[in-house]
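Summarising the annotation, TrEMBL assigns NAD(+) binding site to 8-13, D33, R38, 86-90, 127-128, E161, 272-275, R342. Sequence annotations record features per position, and here TrEMBL assigns active site, nucleophile to C272. Sequence annotations record features per position, and here TrEMBL assigns domain 'UDP-glucose/GDP-mannose dehydrogenase C-terminal' to 328-452.
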Amino acid sequence: MVKICCIGAGYVGGPTMAVIALKCPSIEVVVVDISVSRIAAWNSDQLPIYEPGLDDVVKQCRGKNLFFSTNVEVHVAEADIIFVSVNTPTKTRGLGAGKAADLTYWESAARMIADVSRFDKIVVEKSTVPVKTAEAIEKILTHNSKGVNYQILSNPEFLAEGTAIQDLFRPDRVLIGGRETPEGRRAVQTLKDVYAHWVPEDRILTTNLWSAELSKLAANAFLAQRISSVNAISALCEATGANVSEVAFAVGKDSRIGPKFLNASVGFGGSCFQKDILNLVYICECNGLPEVANYWRQVIKINDYQKSRFVNRVVSSMFNTVSGKKIAVLGFAFKKDTGDTRETPAVDVCKGLLGDKASISIYDPQVTEEQIRRDLAMNKFDWDHPAHLQPTSPAAVKQVSVTWDAYAAAKGAHGVCILTEWDEFRELDYQRIYDDMQKPAFVFDGRNVVDAEKLRAIGFIVYSIGKPLDSWLKDMPAIA
């Protein structure tokens, strides 16, 4: 029986291993993590992450050929294939601070693998890592090998949160990179055989190690670039009276461009886009390519611009001050159908409003109050360290309240900001919300989910990103 062990029970490791266990009943899969609370959650009815369809997959396999354990070293020692899916945060100090990936957790995982291994292993990079990480890991393993042979493979994940299980069941592609040696090719074939249980062969791509590592960074950079492109156009649409939805639809009809990732919004979030682009920028700089680095850095600059532009629009519309005013924030996750708040634009928008002394009431159907408060108390990049290294009891921000109901959040508010495109926000009774709000009542739609004309008919002053401006807003400067 082939034994697989995955180090790291997070958003990547948990769902990926659960699907491998489901599709490969003859393989024993163990997910290990040093966090006792996280492993306890994976072994309970309340999984630590929300992902449609994940519950069913875990329940079908758990206890049969899928196990979750804190006994890291034992299971690593027993495994034939070790997936490493640990945090790779952006460095906050030292060389490359603010851009380079911090490989501390990766390196300690590699040293632990070398310590406990007694027979040959295949080690698979599953976290997003900088190009040439495999080389560094290989050196650590071989210098501490005690006669054990290791093959390093890169098998980046291309999951989208909210659709991760479907993405795993029917991937566009599975990418496996390995050394171009006989041993390297054998290792690639071993991992290919695992995925071949359910993925058609023409969708399993094999490359050299560096191509696989760079493909992941490049794919995320291209996706983020599309979002920043349409967001840049959204600012121009507001200035000229064009409608970004119509422009994006027309552009997306070109088969060379296609319609995906062309929704203007308050900005992109998630654990990968910003981190991977910063990583790409750093790698370009290190390789003497400043023009390439600056090109990709601009994608993040536009994203930051879009968030500050949104905050400026809110403040300037409300007589240039939100001091002491209640603002309802609907949605805190970085996108719908996930409870993930990593790099969510909501954090920057809320901090911008709090900086102007607003009082904020937040509602999100999947994000807990504890998580919201922790995110607002954290420094940039802190979120990407394991939970036990994050601030444990975040200082309560007096001006922030969290509700479990959109109507409670909006009651008595001067304005409503929609920051996540949850379907339920389309269905709200906006007449009821309007009746309970201070007047004039504002809606700032950062995801273009509401019908602006219907809301204007009720009496709202509405701002939708990239849409023709309300006459009220035209008189107010967008840039503070």
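The backbone N, Cα and C atoms fix where each Cβ goes, and this holds for glycine too.
Given the structure is predicted, the values throughout are model-derived calculations rather than measurements.
Sequence features annotated in TrEMBL and their locations in the structure.
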| residue | record | Cβ neighbours (10 Å) |
| --- | --- | --- |
| G8 | NAD(+) binding site | 25 |
| Y11 | NAD(+) binding site | 22 |
| D33 | NAD(+) binding site | 24 |
| N87 | NAD(+) binding site | 20 |
| T90 | NAD(+) binding site | 20 |
| E161 | NAD(+) binding site | 24 |
| C272 | active site, nucleophile | 27 |
| Q274 | NAD(+) binding site | 23 |
Message: Over the span of the domain 'UDP-glucose/GDP-mannose dehydrogenase C-terminal' (328-452), how high is the average pLDDT in this prediction?
response: 90
- prompt: Roughly how many angstrom lie between the C-alpha atoms of G8 (NAD(+) binding site) and the residue listed as 'active site, nucleophile'?
  reply: 16
- request: Would you mind splitting the domain 'UDP-glucose/GDP-mannose dehydrogenase C-terminal' (328-452) into helix, strand and coil residue counts from DSSP?
  value: 41 helix, 19 strand, 65 coil
Between the residue listed as 'active site, nucleophile' and D33 (NAD(+) binding site): CA-CA distance (Å): 21
Task: List the Cα distance (Å, whole number) between N87 (NAD(+) binding site) and C272 (active site, nucleophile).
output: 11
Message: Quick check for the class: what is the C-alpha distance, in angstrom and rounded, between the residue listed as 'active site, nucleophile' and E161 (NAD(+) binding site)?
response: 11
